[in-house]
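Worksheet: one structure, shown below.
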Amino acid sequence: MRILVVEDEVRLAENIARGLREGPGYAVDIAHDGKAALEFCNAGDYDLIVLDLMLPGCSGDEVVANLRAAKVATPVLILTAVSQTDRTISLLDAGADDFMTKPFDLGELIARCRALIRRSKGASQSLLRFGELELHTGEQSVVREGRQIDLSPTEFRILEYLMYRPRIVVSKRELLEHLYDFTWEHHSNVIEVHVSNLRRKLRGSKDEDVVETLRGRGYRLAQS
Amino acid sequence: MKSRSITRQTVAIVLLAQITFALVLGVIAILSERNTRLRALDQQIAGRLDSLLGAIQDAEDPEDNITIDPAEVDIMREDRYAVYSESGKLIGRSADHEPALPAQGEMGLSRHRIDRLQYHVLRRNALRIIDRAENHGIGLRRPVVIVYASPENHVLHEVFEAVGRLLVAIVLVSAAAAFVTASLVRKTLQPIRDLSLAAQSVSSTSLQFDSPHSAMQVDELRPLATTLSALIDELREAFAKEQRFVGDAAHELKTAVAVVRSAVQVLMLRRRTEQEYVAGLDQLLQDNDRVEALVASMLDLARFEQAPNGKAPLLDLADAAREACATMESIAETHGVRLVVEDEAYATTHLSMDRVQTLLTNLLSNAIRHSSPGGTVTVATKLQDGHAVIEVIDEGSGIPAHALPHVFDRFYRADPSRSRASGGTGLGLAICKSIVESAGGRIDITSTVGKGTRVRALFITA
């Protein structure tokens, strides 16, 4: 998952980014003002935007309005200092999906981010299921045929991304975009290595591959 | 306090004026009518006296033994008369129970009170000429004194009868005029009611005042309506500004607290090495410093926005400049910036050292922060147009023109992320402004991008 954190307080942005990277293992980009946020959104496809309301240049409201006007459906979690009901209502009506009041609990922020992403992918539970395969987004655990499978963070994120889109082909480029933020060097062969490891670990009793490779197009979960 | 109504008062004044006018008119009418009637009465008395004389003339008796037959004399009911002979003998009188009118007294017209009635009395010498055949046609001359009196009360009665109708007319016209006046006054005063109604709708929650059109058309009310409107606009702006400040302050404080909290939670996210913990705690301490700086700045702002208690002692601005430079010397050195004091003139003002130090260290810290190593920051004191002036001039990066008008706003940052990372709270210049303005002075800023910035504070010279 790739997340954009828009917060003008540098330290707070860093802490949120670190929490999201180290916790659920999301790729996180940081923007310090509204204009930069809109540019980031034009350049990349995000799974979630964490947005401070009081931003220099272009306020959080305007960012939301601009995004929704551009038909971007990415869920938006608003961070606000003062919680006023009428303000909250107008924000939710303008297209925001959730909001939190500062100072917030980082754990709660991470949980809400997870929930928003899950819902935006059409899943109602934190437990994703595909055939014999189960993935728990909260505990970050994977079970195949009743057996716990130990995955590296990147492998887990690749599988999570694919499980949100069962039977849909996901290109290497898309995976790269959603797993790594701008601070990483992008190498498509990194993905190949991780996918190959993932495939090996997921191999079950019948010895068939869960992750199917479509040459030149990408990957998808294969129904056994 | 007893409340008054301008409408009622105005109506009362107009009514009172009308009644007074009507009364005066009535009195004048009565007096003039009475005068006319009294003069007429006097003439009537003379006429009746003549006719009485005629009746006496008819008596043939040359001696004084004549009697006047009251039936022959045509007199009014309450009139009285008496006729005396030369010798003073009463030869005739009206038939009444009072003593006869006396012969002695003022000749001509006079007034007397008889039996509670005011009488007009005419006393006249007359000549009774008795035609006698034996005297060859030469009449006998017998002088007499005739006194004739007539009471006034009939006259007054007639006067009131005549004027009565006039009085009724006056009362009717007055009543109609009062009614018309009252409604006209009410109509005239409607703009005042409109204005007060509009003013009543203003409250602390809705600081909105629209001058009623009717009030704006009245010369006497227009200044009041405009002043009120301007005042409420000003209030609304001040209120909005305060609310913005409270919102901004909440945002800044909560964000600063959120930084600390999230930093702790990031650190606790998983087990870390000792080095990671130490680095994390170090960062936490810095984050906490920012919270402290923010709280201190906000308290400073609240404190300096109020005028100082009592008169501050006389202060030499050059002394203050030197002290501030001494305080900032080490920070300037770390940035490789040179601090220079130029005291062109002996400029003094009434200002507390504490305030002027806060002002100068704030300005110097800004100047140093925006200077490049090797640069110079100058603090100059001078006298200018009767003001004690202190200037802080740097050769730093300068402020873009679009940001200049806002730099004294609270929480304004020309470059938010950068200056916040470098420790600014966004309140420094707002604090400077409140210090200078609470001392009755003025602060301004000029800047050229790439050349530097000059902040000038003007004080009342002492």
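Any Cβ shown, glycine's included, is placed from N, Cα and C.
Copied over from TrEMBL, here are the features:
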type     : residues  : note
DOMAIN   : B:186-240 : domain 'HAMP'
DOMAIN   : B:248-462 : domain 'Histidine kinase'
TRANSMEM : B:12-31   : transmembrane segment
TRANSMEM : B:166-185 : transmembrane segment
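The list of residues near the transmembrane segment (B:166-185) in space but at least 6 beyond its ends in sequence, with Cβ under 8 angstroms from a Cβ of it, reads 7, 10-11, 14-15, 18-19, 22, 25-26, 29. Secondary structure of the domain 'HAMP' (B:186-240), assigned with DSSP and counted as helix (H, G, I), strand (E, B) and coil, comes to 37 helix, 0 strand, 18 coil. Confidence for the domain 'HAMP' (B:186-240), expressed as mean pLDDT, is 87.
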